[in-house]
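Data block below; observations after.
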Amino acid sequence: MRSPSRLPHETRDSRQRTPKTDMRGLYQRAIKESFVKLHPKIAVRNPVMFIVWVGTIVTFLVTLNPNLFGTVQANINQQRLLNGLITLILFFTVLFANFAEAVAEGRGKAQADSLKATRSDTIAWKVLPNGSLEKIGSTQLRRGDVIKVVANDMIPGDGEVIQGIGSVDESAITGESAPVLKQPGTDIASSVTGGTRLLSDELIIRITADPGQGFIDRMISLVEGAERSKTPNEIALTVLLAVLTQVFLIVVATMPSFVNYIANFISTAFGAEAANSLRAGASIAILISLLVALIPTTIGGLLSAIGIAGMDRVAQFNVIATSGRAVEACGDINSLVLDKTGTITFGNRMADEFIPVNSYTVEDVARIAKLASLFDETPEGKSIVKLAEKYKILADVNLNQAEGVEFSAKTRMSGTNLPNGKQVRKGAVDAIKGFIRSRGGSIPSDVDVAYERVSLLGGTPLAVCQDNEIFGVIYLKDIVKSGLRERFEQLRRMGVKTIMLTGDNHITASVIAQEAGVDDFIAEATPEDKIDVIRNEQSQGKLVAMTGDGTNDAPALAQANVGLAMNSGTQAAKEAANMVDLDSDPTKLIDLVTIGKQLLITRGALTTFSIANDIAKYFAILPTIFGAAGIGALNIMGLKSAQSAIISALIYNALIIPALIPLALQGVKFRSLTADQLLRRNIFIYGLGGIIAPFIAIKLIDVILPFS
């Protein structure tokens, strides 16, 4: 097989972009799914709506044969008409509940379709052990295979760059048009995702996932999980609704016996006609209407939609949640563990000043700093070289004979071993002090003065040395992102504690923490400290959220109740987390807490509204059953007739479900209030509103209906 330097462009898929949801098509599919969900095996999953489903079947049967459960006391044709109307309204009640769930599911499936569009059946060039290339289909690739990708070709699978540097277009996944530079040697920049496109140069990639197990495949399976497992709070609420439904079912089931008892008393006191009128008011269809009106059908019909919509709102932030449990956990978070760099401050710290110590000059510091940064390709390292060049410093070193020393979290320094045997280093001040002492050197007193000066300015001090002598301190300027103080204050009002982790010294960390407005901070933190902080918070009964992108973050991401991994991060980090941010913006963790709380607030608000509705429906239907028993005074709405009261209450009960679908999908407007303030506000708006709204609506429907 030939080994061309430029491989032929043989993908069978053109560049894809995430499409906008086709709302018309979404609603058409949702209407179709509403009928599919009428299947008993699907309907039984929602106990509240299943009662309505069974009630619809029963009222349909008594429409066909009004005497099915006993002789009808009223006019049989009028009874058949009433039964038919009740059946129709109950049918649409179930259909509207199915539609709400189908719309929420459809939005998730639309996202899955957009992710599927990034997958393409591509040709891969596999690098054989002898160095030659073999053309195979991407589905034949296996974990550990090495492939070659060139400019304009689609990357056929998830992998790690082991050779080459190139720009990759990840817009099909992230929506971000700016290309991302990929190169070997770092956790972040070496990770590539199948379905993205290489824009320039060539890359040698080692495949890290078998077909069907890549990042996109896993995300699709998660997003398509319409049959998702319910969250603990959702299960608890479902159980509560089921218990309420059973209570009302027992009450309504015993009502015929109670009515017969009263009818016998009325027959003796007022005659048989009054007794028969009372019995007619307790027909099977009317009792089912009372049951449907009393059970919490509104929240029962919207509960699944609220949960699915919560995941969809997260997806609109370009974040993939592995489960509804993760989204819900965001709302219960008590502590946020945040990295300083990239989350609280902008990621790229820039060299701003060289501060000489130990009688050296600024030029001396610039020269040593530049030598220590010759192999440092980070933005910080490049900014040090750029600042040194302002002093006309030339690095007269043969790079082929010099040796770069990479930064590590353990040593907390990097540098260069020069051809003449000298060692130049830059790094955290205490790390450089340790390096000097290990070589028998001494620490000049003005190092601490420079250290404190930079720290008090909120910058990061890096010491530079050659062998056993410190030459000076580099001032790396760090800028806190705007608006964070206000957002942290909002979180504080909601009872969420913010903890900043940084490798900076205590003074610098204190200045940054005060400027950003975080509640607590850990200075000179190592990656291992993250998991210790999380465990400490969890031992106090708190739920913890954190972000991470590197392999060393994976244990902490797995330990956290909510772990948000960056899409630009390593495969290990993404597998350990329960959320992945496609935009790789760690600040989004704050937004996710808001979304989680909004989900819980929406569920609670609509539950309150649904249960409060029962009061008005109670006063609409109950007087129609016991009117002959002399409790017509309970008809406080002045409804025209028994038939009008029943139909009005059921129409309202059905229409309120589609009316609340937008609120269920978009969520209740979030306000950063304390738990007590939120409770009082929701009881006032959705509790009191849930009582008043049906009184008004049922009366208006009664006025419009032609019953007399």
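One is the number of the first residue shown, and numbering goes on along the chain from there.
The backbone N, Cα and C atoms fix where each Cβ goes, and this holds for glycine too.
Together with ASP376, GLU380, PHE407, SER408, ALA409, LYS410, THR411, ARG412, MET413, SER414, the ATP site in Swiss-Prot holds one more listed residue from LYS340, LYS426, LYS433, which is LYS426. Here the CA atom of ASP549 (Mg(2+) binding site) lies 21 Å from the CA atom of MET413 (ATP binding site).
Between the CA atoms of ASP549 (Mg(2+) binding site) and ASP376 (ATP binding site) there is a gap of 20 Å.
Proximity of the transmembrane segment (235-255) to the transmembrane segment (283-303) is established through 3 or more Cβ-Cβ distances under 8 Å for residue pairs spaced 6 or more apart. In summary, the transmembrane segment (49-69) does not lie against the transmembrane segment (645-665): fewer than three C-beta pairs, each 6 or more positions apart in sequence, are under 8 Å. When the recorded positions ASP339, ASP376, PHE407, THR411, LYS426 are compared by Cα distance to ASP553 (Mg(2+) binding site), the shortest distance belongs to ASP339. Rounded to a whole value, the Cα-Cα separation of ASP339 (active site, 4-aspartylphosphate intermediate) and ASP376 (ATP binding site) is 22 Å. With respect to Cβ pairs under 8 Å, the transmembrane segment (84-104) is most closely packed against 645-665, considering the stretches 283-303, 645-665, 683-703. Among the residues the record lists as binding ATP, namely ASP376, GLU380, PHE407, SER408, ALA409, LYS410, THR411, ARG412, MET413, SER414, LYS426, the two farthest apart have Cα atoms separated by 19 Å.
Most other Cβ atoms within 10 A: among the recorded positions ASP339, PHE407, ALA409, THR411, ASP549, that distinction falls to ASP549.
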